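Trainee: So Swiss-Prot lists the following for this protein:
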BINDING   Asp6, Val7, Gly8, Asn9, Thr10, Asn11, Ile12, Val13, Thr132  ATP binding site
BINDING   Tyr100, Gly107, Ala108, Asp109, Arg110, Thr184  substrate binding site
ACT_SITE  Asp109  active site, proton acceptor
BINDING   Asp129  K(+) binding site
Amino acid sequence: MILVFDVGNTNIVLGVYRGKELIENWRIATDKDKSSDEYAMVIHQFFHYNGLNIHDVDDVIISSVVPNIMYSLENASRKLFKREPLIVGSGIKTGMNIKYDDPKQVGADRIVNAIAAYEKYGGPLIIVDFGTATTFCAVSEDGEYLGGAISPGIKISSEALFEKAAKLPRVELINPKKVICKNTVSSMQAGIVYGYIGLVENIVRNMKKELKSSSCKVIATGGLSTLIAGGTDSIDVVDKFLSLDGLNIIYERNRKDRILSNKKS
């Protein structure tokens, strides 16, 4: 079994793979102050309550956009699984040509998503990841990572409205039935959700123009992907586990090197 970690600014998503099959997944809050012992305990409990044995884990791979948390997670991996985790970053085999001005500037999460999407759906394609930030990534027909756009996440936008406007409440993010609303809460929900749908549709439309492909697939992932996809025809597929699948694919591309490295050590 392979354990994968997708570490975002808000949540850490963990997945357990047996071959290509995702057999279990969990989500916990990203906590920079949590110690390696605390993370190890939480992971051990997940395995225990789901009838999985930590001793069956053959290897670990981590993708993170939060550098401050890496020491705790790497140390937790050493304690639980007696091995150094594979970290997605410089020097790792991705199998993807990154056409960015400085490839090191591309977030690991964006590359992981692009690899999974191209492997599963082919190209050209656009990936929209609804996370703390919403990222738009373009992949060519030949599987090249072309770049993309980054905008504030829908929750960040919602919280900013609540924090900066004294009389406006914090609202639940749901898909409103109409745009012309008759109370403050519904009006905010309509403005946030439909405004965000408009943002997505406009960016996707312009990316398709630049790609010179009106037929390229648009894949959505992330916690709020279903909410936004339900209100627009711009999104073709919602793939909740795209990042986890990408990590498993990257691990497989680096498996032989890992085995050789472990034998030498």
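Positions of Cβ are set from backbone N, Cα and C atoms, glycine also.
Remember, predicted model here, so these are calculated numbers, not experimental data.
Please situate the listed features within the shown structure.
Mentor: According to DSSP, Asp6 (ATP binding site) sits within a strand segment. Around the Cβ of Asp6 (ATP binding site), the number of neighbouring Cβ atoms within 10 Å comes to 28.
Neighbour density for Ala108 (substrate binding site): within 10 A of its CB lie 22 other CB atoms from the protein chains shown.
In the structure as shown, the Cβ atom of Asp109 (substrate binding site) sits within 10 Å of 26 other Cβ atoms.
All protein chains considered, the CB of Asp129 (K(+) binding site) has 29 other CB atoms within 10 Å. According to DSSP, Asp129 (K(+) binding site) is assigned to a strand segment.
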Trainee: If one looks at the chain holding Ile12 (ATP binding site), which residues at least 6 apart in sequence have a CB under 8 angstroms from its CB?
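Mentor: When sequence neighbours closer than 6 are ignored, Ile12 (ATP binding site) has Phe5, Asp6, Arg27, Ile28, Ala29, Thr30, Ile69 within Cβ distance under 8 Å.
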Trainee: Suppose the ATP site is Asp6, Val7, Gly8, Asn9, Thr10, Asn11, Ile12, Val13, Thr132. Which further residues of the same chain have a Cβ inside 8 angstroms of that site's Cβ centroid?
Mentor: Thr30, Val65, Val66, Gly131
Trainee: So how many other Cβ atoms are close to Arg110 (substrate binding site), meaning within 10 Å of its Cβ?
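Mentor: I count 24 other Cβ atoms within 10 Å of it.
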Trainee: Taking the residues Asp6, Val7, Gly8, Asn9, Thr10, Asn11, Ile12, Val13, Thr132 listed for ATP, what is the greatest CA to CA distance in Å, to the nearest whole number?
Mentor: 14
Trainee: Using Cβ-Cβ distances, find the residues under 8 Å from Thr132 (ATP binding site) that belong to the same chain and are at least 6 apart in sequence, listing them in sequence order.
Mentor: Gly8, Asn9, Thr10, Gly153, Lys155, Ile156
